[in-house]
Amino acid sequence: MTKPDVRKRKLSSGDDKTASGSRRKSPNNSPGSGGGGGLPKGLKLSFFCLIISVCLLLVVFGLYIDTTSPFLVQLASKLGYSKNQYAVIIDAGSTGSRVLAYKFDRSFIDNKLVLSDELFKERKPGLSSFADAPEKGAHSIKLLLDEAKAFIPKDKWASTPLVLKATAGLRLLPHSKAENLLNAVRDLFTKSEFSVDLDAVEIMDGTDEGIFSWFTVNFLLGRLSKSNQAAALDLGGGSTQVTFSPTDPEQVPVYEKYMHEVNTLNQKTNVFTHSYLGLGLMAARHAVFTKGSHSEATNLESICVNPIISNRTWLYSNVEYKISGKDHAKSTQENPIVVFEACLDLVKSKVMPLVKPKPFTLKQHTIAAFSYYFERATESGLIDPFEGGEITVEAYRKKAQSVCAIPNDEQPFMCFDLTYISVLLHEGFGLGEGKKIKLYKKIDGHEISWALGCAYNILMSDDKFNS
């Protein structure tokens, strides 16, 4: 069973409970009281024992109370039972770069971390878009870094880890161009005044991306210490990750190559994870839109785009394409539509060969989905953009059918996007039409991102910060 180094590091969670307590000073003896100006000896002893008992009770009780409560976090900090720690993670994704700066309270009693505040900022396009201009790419990261510096007190910079992890966008670039971008960012980081290790800037392994996302979701949902952790589905631009803990240990050998041991809450959890490169939403668009065209073509027609769309600009992997809808017999000038069944079959032909391995036991789990799953659901009116919500796999398919039947100049690619998501979930991952999916952008005000799991991993596994 493969166990990468990152899995051997300790991921700790707020599911464990930290402690806070206080000591009460004994009252001063007052002149004029009985017993020669003081309390009777027996009463003094009883009172002293009571104080000791209360203090011990507060400490023991503190191990089991909900330390994620903002009141308790503030109380522990004021009483000197915790200290502030920060971490800065930059997610260099295929469609944009994001900085997530986290503020934690670390308990002096049990060394646990509690997330108390965070910063989230995003800039587009993604770092990979600057493949031919690495200095400009580094500048886009500098602007995000400046946001983190404004969030974190300057006296904490030197003790704050700073990392940049690039995902599918840079994985798809030629090696030399990706390295030029990373080297430009490394030069920037050396001047940042944050704590920067030799491996602080790198292309992240898809396995780590999946596991950190799974950790983030279950940590924020309070499920890490439970037996029914949620499966995490992350749909990015260049790849998609599926991560879950099989409920039946006998299923583990089926996924042996893709199983990893994760330490959470001092217990070991076997997790299936795989990053399907090429099955991100933008990568899938490219595969479908270029169907039947020669490799250098940039003027493309697609049966998954409404015929009213003509020469719509779309940028992918540093190439500017002009996308148009394709005429067909069923579409008329009075009623321009996408033939849904034709688009559906084309998408299936592109998706199915890439879904290896097929996560056929995913359907047994509660599913939390985010990134483009959430965005396209909100943009098409399936869920509330602020509250999120729960929908079925079938809801994506039905919405795709209705969107494809209506000309929409403002959302020219929504027909394809929803069709693709429905195929990925149903035919690709084997989820039934009635399977419910919980869609999130945030949980309790915190962004759903692999970056939170990454930050926890660094702060809990590196002795430089974990002391």
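Yeah, the Cβs are placed from backbone N, Cα and C, and that goes for glycine too.
Because TrEMBL annotations are produced automatically, they should be read as predictions rather than curated entries.
The region 'Disordered' feature in TrEMBL is assigned to 1-36. Per TrEMBL, compositional bias 'Basic residues' is recorded for 1-11. Per TrEMBL, transmembrane segment is recorded for 45-65. As annotated by TrEMBL, active site, proton acceptor applies to E209. What TrEMBL lists as ATP binding site is G237, G238, S239, T240, Q241.
The separation of E209 (active site, proton acceptor) from G237 (ATP binding site), Cα to Cα, is 14 Å. Within 8 A of the CB centroid of the ATP site residues G237, G238, S239, T240, Q241, the other residues of that chain are S94, T167, A168, D234, L235, G236, S275, Y276, L277, L279, G280, L281, A283. The Cβ of the residue listed as 'active site, proton acceptor' has 24 other Cβ atoms within 10 Å, all protein chains considered. Taking Cβ-Cβ distances under 8 Å and a sequence gap of 6 or more within the same chain, the neighbours of T240 (ATP binding site) are L233, D234, S275, Y276, L279, G280, L424.
For E209 (active site, proton acceptor), the nearest of the binding-site residues by C-alpha distance turns out to be Q241; the candidates were G238, S239, Q241. For G238 (ATP binding site), the same-chain residues lying six or more positions away in sequence with a CB closer than 8 A to its CB are S94, T167, A168, G169, R171, L172, L277, G278, G280, M282, A283. Around Q241 (ATP binding site), the same-chain residues at least 6 positions away in sequence with a Cβ under 8 Å from its Cβ are G206, E209, G210, S213, A232, L233, D234, T273, H274, S275, Y276.
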